[in-house]
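Let me begin by presenting the structure, written as structure tokens, before commenting on it.
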């Protein structure tokens, strides 16, 4: 179904059409136009895994709490989840910790993608090091155009069934909520108060791994959430706005 929605969005983009609200394809987790990197450059990044296979990204908030996207945790039990931290490779190295429980934002809506944020509680504490570090939550949004980065292990091309073994990243620029919902871009009123956008010219508009970090100024400003499957300048990637959702994370950590 997800691939159908992405294909539908690409067709609509090519035709200059508008996809009705409610057909909002989630990011399929790809770093297109990205660069291989090491975990020491993104030590807050984790791989969220279902039954041992990479599923989504996430960010270390504390030794026992991970921030990710609510849409990553649909129809899944905590017992099937684990995270790998401290490794540039999702399938080896670093440390693995089981997920004891998780909580989605109570206001998350799979149709509108509002409040697309969740916290994972680990069964054991992470030991911080040069490759395992917590990242702070943004208390305010960066300015429109501010430099940011997105990292993850997503597929490198649309439609690919394989993912890279090594962590990758792309540099992007923040598109403010007000600008992302303006006539400058194609989303209009689908951009809600719990969202922020980012875009990079010449790179896929669906950067990153679902649930993974959008970082600017050394703090977590966004969680990879959704975007239309069309790498056009008028459709930036859309992220859960961490500054807007900060108090929820703190209260549920």
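Each residue, glycine too, has its Cβ placed from N, Cα and C.
Annotated features, as they stand in Swiss-Prot:
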type	residues	note
SIGNAL	1-22	signal peptide
DOMAIN	31-253	domain 'Peptidase S1'
DISULFID	56-72	disulfide bond
ACT_SITE	71	active site, charge relay system
ACT_SITE	116	active site, charge relay system
DISULFID	180-197	disulfide bond
SITE	204	site 'Required for specificity'
DISULFID	206-230	disulfide bond
ACT_SITE	210	active site, charge relay system
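Residue 210 (active site, charge relay system) and residue 116 (active site, charge relay system) are 10 Å apart (CA-CA, integer value). Taking the Cα of residue 180 (disulfide bond) as the reference point, the closest of the recorded positions 56, 72, 210 is 210.
Summarising model confidence by region, the domain 'Peptidase S1' (31-253) averages a pLDDT of 91.
Of all the Cβ atoms in the protein chains shown, 25 others lie within 10 Å of the Cβ of residue 180 (disulfide bond). Counting every protein chain shown, 26 other Cβ atoms lie within 10 Å of the Cβ of residue 210 (active site, charge relay system). When the recorded positions 56, 71, 72, 116, 197 are compared by the number of other C-beta atoms lying within 10 angstroms of their own C-beta, 71 comes out lowest. If you check the disulfide-bonded residues 56, 72, 197 against residue 210 (active site, charge relay system), the ones with a Cα inside 10 Å of its Cα are 56, 72. In three-state terms derived from DSSP, residue 197 (disulfide bond) belongs to an extended strand segment.
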